[in-house]
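Here's what TrEMBL has on this protein:
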TRANSMEM  A:148-170  transmembrane segment
TRANSMEM  A:182-199  transmembrane segment
TRANSMEM  A:271-288  transmembrane segment
TRANSMEM  A:328-350  transmembrane segment
TRANSMEM  A:362-381  transmembrane segment
TRANSMEM  A:401-418  transmembrane segment
TRANSMEM  A:423-439  transmembrane segment
TRANSMEM  A:459-477  transmembrane segment
TRANSMEM  A:489-508  transmembrane segment
């Protein structure tokens, strides 16, 4: 009996979901259905795209602020450099390429992407990319073109990856059995991430590409397609080196799985070859000498920029109020210290995946790894919170309330940045939109508030009022002259405390995962 | 939070994000009216000619509304307040607080629309179709484009129309008539439905014995008269009525707007062009008209080379004639269940044959028709087509590349949601006997939901758009700039014509 029930598991639950839907009065709109059909997925994706287009109407970082401008100018400048100089000189200081002015400091894939976009823009407005004379170029038309390059990258990389992930998640039953499953909701949570939308389409960056590749790699791991996963994740690293935050999770999970196969060494070597091959392809123009490789590598690791930038809610910045890390340690010892603490922080999660690799455990370990990097690694800035947010949004069905809270804290931690970029209107609108979709009408099973105890409700109310006060104070009051960054520091402390509590909880949760969902057991069952 | 409120709140977030988008001169017109009504005494509102671009040409209730909007102006800063500057300027140079204030005022007055939509949906519809109707109303892409990008206040006006309809459907005729009186004292374009309202209320409300009937007639007359007195009384007192009326009905404007609204007259103009071309080729001497339609010029008179000239009176008679079947039906058998269809039809007639119609006027019937689109499969099919055509015909309002993805995405999302909603409403229903009911999609063969012709027509719409965006600039460059617009007008006019005929047939069949 038990045997038959188990084998017919997924179809039976699908049937139940269908039955729930058949009740009169349920048009399967994305917010009122459980299943992800092509029209529903299209509706969610198009709406997410619409929100991105609308946010992109706002200003970008460094708009109209010579002489250095901001990230928008950096991206434009990279397009200019990659368009007009040979690949070998992209990372080298030459007369045409002054590295002191927004020198390229991302891996080659970012450079290729800049080149591809430059070729597109060059067709219609070449003077916006003219070598050196175009520095600080700003116009309505060029802003539009630049915005559209981000929109199209998002649509081409992140959107398919998100749909692929949601499909795999439900097809492979990653979330475990249970009727509380709503695929369009999960897709909306991944696609309507307010932080990602505001940073990419407001502030101006291309995180959607590296995060999209990472998401694709995660989905590939879940669908047991380890080669595709290795290749995609290598691409992610080659687009933004920050993707390395996820590397220990991928490494431990894939290694853990290989160790359970017949020929562990052979399996590991196959994956290694895929990774090396992908890297070789991307780095091809620089592989002619060790020096040129080192040249690029030096650009990618800007240790001289210090252990943190601005007010980022991580360990080093938050504790530097009490302990002046920058004064006590040299850059070299600081590097070592941050490396040790980061490794210590992700070690538990690493060991768990090595021991018992499982689908859910993998998602948790991605979250824990990226958080340990965010909290302890070298040269973190506030936008890095996007990396932990990605696996957190993938776990939205497991930890709905915590995910919502984390998203809100992450957005709060970027509040000073968004205010500087004059994106407060967009910030408010996208945050409200996220809240509304998080709590759809008639209550999604996942986010029903009446399941909470009074204690939990009180805790949420306390946190929420803290955050509202912080928002208002930062917006309306002038800080005292003696402490001009008092409010930034307060926001940072608040977010840091939440992030630490969150990491401890999810590490605990990862270790407590039941064994039955682990990959090893599933293989035995299949046999 | 109920579903209606949730949908409205999501739409409001989108509206907030739309604040920085392009706005047409209508934005500056409305801002100027705020300034005008607060700076000048009431007696001069309709006679002021200091700003030739934007004379006040809405009825008095709307002028009062603008006066109220101007009240918190001093809080917006500037000296004199930016909102109350009497000299009009470009809408793109509006100071940020003024922009936000006016945009938010549109979003807030939309609460009337929410109220009306929620009231209608909850009293009348089963839950199955309620959700769909709410989506069609509250997330109407055409309304977003016209109100929240182009800038107008149609949301609350249509809200009053829906309220009036919901009163009539419930048999509360007095309230319905009153709401309609308020509506035409706010925007006189809604006057088109007045004959229908008159006939319907006369036959449905003023019934009973002769004494009872005349008592009711007088009650209704007094109520409507009171609204009109409140609106127009002050202007009558100051001897401004002549001035007000000449502003409200500027017949010197020409038959068509610069961009032709997709209605009957498009075909008339086209026929004239073709005939004059053919006759010229045949050697006849055709005098060239003074003002050409294709040039976008709107002269005092509409000039046709061959066909008879069209005057406002002709259009008026044509509208009444087109409306007459539904007037007769309403006279013979006034039924509350048909009132929405009739009113929508009346607005359609006004749109098809009226004088100087704007493409925005198609909202006046697409919004009420959403209410009855869930009645049966035929209605749904017609609405699906009509609402896409109506929204698409508004695309030329937004011509800047910045808004291009916005309008396309709005229409695409709307179409998909309609598709999801309608196809679940009319899913294959197998009756107990094993035969399929008529109301299901499957019974209509393999044509799917829209049918063969609908599919071909919509694909053609896509073709028209591709022509205008890609092929035309590629082939002609910047020559013949009116051609893509003309194509849109003609193509949408065909769809509108179909919708008009379909509605007429439905009225003759049903009631």
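Cβ from N, Cα, C; glycine included.
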Touch test for the transmembrane segment (A:328-350) and the transmembrane segment (A:271-288), at least 3 Cβ pairs under 8 Å: no
When counting Cβ pairs under 8 Å to the transmembrane segment (A:489-508), the leader among A:182-199, A:271-288, A:362-381, A:401-418, A:459-477: A:401-418
Distal contacts, the transmembrane segment (A:459-477) - CB-CB under 8 A, six or more residues away: 401, 405, 408-409, 412, 415-416, 419, 424, 452, 487-488, 490-491, 494, 498
Dominant neighbour of the transmembrane segment (A:401-418) in A:148-170, A:182-199, A:271-288, A:362-381, by Cβ pairs under 8 Å: A:182-199
Selection from A:148-170, A:362-381, A:423-439, the stretch that has most Cβ pairs under 8 A to the transmembrane segment (A:182-199): A:423-439
Long-range environment of the transmembrane segment (A:362-381) - Cβ separation under 8 angstroms, sequence gap at least 6: 174, 218, 221-222, 244-249, 252-253, 302-303, 305-310, 312, 314-316, 334-335, 338-339, 341-342, 345-346, 348-350, 352-353, 387-388, 390-392, 394-395, 398, 499-500, 502-503, 506-507, 509-510, 513
